């Protein structure tokens, strides 16, 4: 579909959350189709996880987004979907790859939302494809478990914070989940949640550097628990790390059951977003150094630095490998 002004920021760059929402919609369509192709009872595919995705090139107002999805692996109860996003300038015909993403879905019965159904297997063109997919499945399963175990943090407001501190830019958004946010099962679409998360992360980044910002990448997004219609969700974001030209922002979503539900607040989703600061000409700008004050902030900064260096080393290795081929 064509990108409109309400899809973009004031500089004309399409919000990362808008693209993530389109990616999730494509993944939900193809995985739900597949899971119902041989199902004994109807089901809807629910998003469980999005692997790290890089925003390879910015998309602008007036360009056409073309989103394509392919199922690349199935386990007994989950589906791996790989999605590519191309942008097309319809005036010149020029096309470019803007995003590649990997998502995991589980099929939930329409009769019983707590029942996970079995997934029909796919046919692989070669045995290595299945082995590689199984390895990815085991890795994401382990990472989801580790992420859930460290999900106890809460963001508290800071009185009169100093500029460039964590407290100065941290932000929260409160949203009442309505019918338009939900699937047929009455749970929030993963794409809706990701769009809100990107919105909060963008506010944190803009507050920190006071410039135009764009989403550069999103670390793995883990959907720990479903969010029902009628819940009040709080999306919270805080700066964890800055390099010379990028900012890492931790975002998590807490859900408060609101209607006829005795359950207490719970952590539903968590992820790390990376943003870059751009000039009016679209050139990268230096990012103000994050000032850490508490021991927890210093610890999170070092953890973020480790993720940054790991990603940088991986990217350099991929570039060297590509140059040798």
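Glycine is treated like the rest: Cβ placed from N, Cα and C.
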With TrEMBL as the source, which of 262-293, 294-325 is set down as region 'Disordered'?
294-325
C-alpha of residue 9 (active site) to C-alpha of residue 198 (active site): distance in Å?
12
Hey, which bits of the same chain come close to the region 'Disordered' (294-325), Cβ under 8 Å, at least six residues off its ends?
166, 217, 219, 240-241, 243, 246, 248, 250, 272
Who sits close to residue 198 (active site): which same-chain residues at least 6 apart have their Cβ under 8 Å from its Cβ?
15, 16, 17, 20, 215, 218, 273
